[in-house]
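Q: What follows is a structure written as structure tokens; I'll ask about it next.
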Amino acid sequence: MEALDLARLQFAVTTSIHWLFVLVTLGLVTSLLYFQTRATLARKEEKRELYFRMTRFWGLMYVINYALGIASGIVMEFQFGTSWAGLSHLVGGVFGAPLALETIIAFVAESTFLALWIFGWHKLPKAVHLGLIYLVAITAYLSAFWVLVANGFMQNPVGYEMTEGPAGRTAVLTDVGAVFANPSTWWAFVHIVGAAMAAGGVVILGTAAWHIFRKTEDAFFLRSFRVGFTFLFVGIGWAFGTGWAQYGFVGEIQPMKSADDAEIGAVNAELAAQYGAGDYRLADGLRGAFDFMAMVGEVGSMVLLLVAPIVIWKLAAKMRWLMPLFIVFVPFPFLAAVAGWVFREVGRQPWAVYGVQTTAEAFGGATVGGMWTSFIGFTAVLGALLITAWWLMLRHGLRGPRVDVWQPDPGTPVDTATNLLIPQGTR
């Protein structure tokens with residue numbers, strides 16, 4: 001295997017692993033907005049306490065995923081220097097700023113707000129504490145947006161011009177507004193919102209289905225089941241709809257992605273005339289990734305629509321035999337999301353920046369031995385992070401809310417109306 005092929009494989013593997021963390025992060029933080037908002041606004045003490053318990057339980061799952069996911073992002077970004085120096089040199093002046101903003105938001109703003117939220121239980125007023133989780137969610141989605149600004153430029157380069165300097169040819173940013181308004185960025189962003197909702201929803205749904213099947217914590221998990229189902233149903237429909245809605249635009253900027261079998265030859269000839277002789281056809285099997293993603297959206301939507309009455313009429317407790325279906329479905333939104341990401345990225349080959357720089361030109365020239373070393377090392381680290389995260393999340397999910405790590409010590413007084421600790425001596 002050539003060094004370039006190893007670099008591409010390494011980036012595909014590490015990006016896919018990190019992408020799984022991102023999906024759960026965005027999906028679960030959205031559900032936390034719902035749980036904690038309901039808890040904060042609830043007037044009845046019983047309902048208020050139930051939703052606070054749900055916030056803390058699913059919140060801990062979010063924290064586990066976030067802590068290990070942010071570490072995976074650090075490992076992934078090393079590759080821009082180790083493997084893709086040509087890309088960084090040519091267009092770093094354009095997409096360097098969005099990636100820097102993403103790093104600042106993820107490592108400074110989002111982490112700070114999350115830490116305040118974690119350690120603010122029973123210490124901050126309910127409204128302030130609720131505001132913190134909203135800030136966490138906003139910064140999480142902003143972080144994803146800035147990454148997509150950089151990626152959108154690679155898919156549909158706009159707002160730049162090429163210049164010649166002492167260091168050679170480089171891209172210079174000329175229109176910030178065009179880069180930020182890039183349709184490729186915004187289509188991807190709205191599509192990912194749906195995919196994240198589906199991912200977060202299926203995690204909640206699958207966990208709740210397990211407990212309902214085993215007849216544990218019925219009140220807690222029956223409500224979680226309904227919330228998870230709703231997020232999954234809306235998320236799949238949203239992702240499916242926005243995916244097809246952008247298909248025409250994608251076909252305009254990258255015509256080979258939308259070409260059918262009869263059109264491939266003509267489209268390849270057009271691209272060869274525009275960019276030079278070459279094979280611009282999609283890689284073997286790539287169309288299968290697109291078909292799988294579409295199948296999950298279509299079949300998933302139909303199945304969820306068929307079982308929706310179970311949720312609407314609150315029949316889950318009486319139909320426990322159906323719960324394994326929801327458990328088995330858990331991996332599919334994640335597999336579909338990875339398939340979609342692979343289609344988006346691999347489908348623009350042979351370009352790193354479409355029409356501007358080929359993948360071969362973007363490669364930094366590392367040796368085969370060096371690439372094998374980094375590929376094995378990076379894959380091992382990210383694989384270990386993913387396995388650890390999912391094992392901890394699975395362990396936490398299967399244990400249920402019996403152990404509440406954010407509750408004060410037994411006997412410590414808490415004002416149920418404000419959710420604040422009662423100072424000693426004031427009871």
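Yeah, the Cβs are placed from backbone N, Cα and C, and that goes for glycine too.
Residues or ranges marked as transmembrane segment in TrEMBL: 16-35, 56-75, 95-119, 131-154, 186-213, 225-247, 292-313, 325-343, 371-392.
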Q: Looking only at residues six or more beyond either end of the transmembrane segment (95-119), which have a C-beta under 8 A from one in the stretch?
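A: Contacts of the transmembrane segment (95-119) (Cβ under 8 Å, skipping residues fewer than 6 from its ends): 59, 63, 66, 70, 73, 77, 88, 129, 132-133, 135-136, 139-140, 142-143, 146-147, 149-150, 153-154, 173, 179, 406.
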Q: Under an 8 Å Cβ to Cβ limit, what residues of the same chain, 6 or more beyond the ends of the transmembrane segment (56-75), are close to it?
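A: 14, 17-18, 21-22, 24-25, 28-29, 31-32, 35, 106-107, 111, 114, 117-118, 121, 203-204, 220, 224, 378, 381-382, 385-386, 388-389, 392-393, 396-397, 400-401, 404-407.
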Q: Residue list, the transmembrane segment (371-392) vs rest of chain: Cβ under 8 Å, 6 or more residues beyond ends.
A: 3, 6-7, 9-10, 13-14, 17-18, 20-21, 64-65, 68-69, 71-72, 75-76, 78-79, 82-83
Q: Have the transmembrane segment (186-213) and the transmembrane segment (292-313) got at least three CB pairs under 8 Å, pairs 6 or more apart in sequence?
A: no
Q: Given a Cβ distance threshold of under 8 angstroms, which distant residues of the chain, six or more beyond its ends, lie next to the transmembrane segment (292-313)?
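A: Distant Cβ neighbours of the transmembrane segment (292-313) are 225-226, 229-230, 232-233, 236-237, 239-240, 243, 319, 322, 325, 329, 332-333, 335-337, 339-340, 343.
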